[in-house]
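Undergrad: For reference, the structure I am asking about is given below.
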């Protein structure tokens, strides 16, 4: 199946006062129609930067190389007008903070209508009707009334639903959800995930789900790409990854995340010692070697590349035996 | 919204009453006896008593206050001690000059200030921002009385583009009226625009780094909509505040500019009254200024609630 979104060798470097910082290094992944790809990793591993670079939303201090193809159209290096016509229409975003991601001085209806009028050229009335329809689609009760509310009149979960309504207003091919549930109460999270799942099923939208929450991944994703220090270190179908993680970092992530019934009695959660390094340049070594319990000599002298096949891993000493995490 | 409005009107009324008390007490607390000032050379006790009786100065402060308030409420602000002209007519002739000058100046200042502020914020770190900042610094540092004198010297006297002084009422000749006011308004406005520019720039920078701007960009909106609508609307609270404060200050204090351009406005009236110890005029002038401040503040607050819906709700709660 031809991918809707194909990211190939995407690299992002930021110019900073302390010199260049490499945030993303030759990241590649593909998303097919209706597929949910989860990109997971710790804070600072380059997930969000990868997401933002897809539609050219990074600040001017960023240098982006590589290729991002959306249905055959190259987006890296595309002119601003082309990018604008794609944003919100073909590629839409949902951000982490529903509190601050909506403009406080406009009604939620207005903010949805704005997308419709910009991209589809609906007239005011048609756009208004469509906005109500969209609010209903994402499960907002009494949408006719809510359409005239300001963001501060809605709860966090409702605001995130509004964000989603806004994002899917033009029926985009790809929805990029950057930590869509992180800022929400656990009880609200499930509702938001239901909405996303429903959209995928009803509209066939492909979703790139950026998260550090493995519970969310297990709940929604078809495939997973694990990122570490700007690189994809492992990618596999979701069940396969959870059952047979091969990269020591993935094993660490799974071990650090709580699961119902497990750990409840005596065990503490495992942690991965150390922090994600900030890299001025990508070294010719495995960037996880310093924190890795399985590191061997090769790890510090040569950079591992992703293997081929459905379950790909970039590691010199992958975990092949079954591990208990 | 209606409740918010009523609430604010009520607060304004209380402020006005307090201002009246302060004005009344303030004038009474000034050193010197108005009766002595009035009597001039003729200081025999008999005529002093007659003067005190005539102006009600022999009454208790409470009675005097009541008379002052009840007269003021009817629009009777007394008579000038110096000229015997009703104070009300002096104010009626001076106030429109100052209001027109102030409004013109603030319009000029807002257009230049907001425009330059937005450009400086959007073009951060580029030549356009440096230029805007340099001009703002210049506008802040150059005293406007000097700028006024230079303008008169070069634009009025040497080139003859504008009249150097004087005033023509708007309803007598609107064109001549504008012709007389445009230069002083420009001088006042450019100085104020620097302050507005700096405030606009910093609040725009805040707004532009907000999450909702990223959302607006991710929606594929044009830069015009992102900057001019989403960011600017959120910056306006600060701008409106500063414009309101400046307008209040202008109405009470365009003194220097009015002097330089010989405009028969409120500033001139105030200064003359103070120099001549013309108590009824001082009292009226301060009262009118206080009222102007209160009205402007009320308007600014109402504008807040138009700009930012969150303020509306807080006022209602």
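If you go along the chain as it appears here, the first residue is 1 and each next one adds 1.
Every residue gets a Cβ built from N, Cα and C, even glycine.
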Undergrad: What range among B:72-92, B:177-197 does TrEMBL describe as transmembrane segment?
TA: B:177-197
Undergrad: With TrEMBL as the source, identify the stretch among B:35-56, B:101-122 annotated transmembrane segment.
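TA: The listed stretch tagged transmembrane segment in TrEMBL is B:101-122.
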Undergrad: Under a Cβ pair cut-off of under 8 Å, which of the recorded stretches B:101-122, B:134-157, B:236-261 contacts the transmembrane segment (B:177-197) most often?
TA: B:101-122
Undergrad: Are there residues at least six beyond either end of the transmembrane segment (B:101-122) with Cβ under 8 Å to its Cβ atoms? List them, or say none.
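TA: For the transmembrane segment (B:101-122), the list is 128-129, 132-133, 135-136, 181-182, 184-186, 188-202, 204-205, 208, 227-228, 231-232, 239, 243, 246-247, 250-251, 254, 257-258, 263, 265.
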Undergrad: Using Cβ atoms and a strict cutoff of less than 8 Å, what residues sit near the transmembrane segment (B:134-157) while being 6 or more residues removed from its termini?
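TA: Residues packing against the transmembrane segment (B:134-157) from afar: 116, 163-165, 183-184, 186-188, 190-191, 193-195, 197-198, 256-257, 260-261.
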Undergrad: Under 8 Å between C-beta atoms and at least six residues away from its ends: which parts of the chain pack against the transmembrane segment (B:236-261)?
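TA: Result: 97-99, 101-103, 105-106, 109-110, 113-114, 117, 144-145, 148-149, 152, 164-166, 180, 183-184, 187-188, 192, 195-196, 199-200, 202-203, 267-268, 270-271, 289, 292-293, 296-297, 299-300, 303-304, 307-308.
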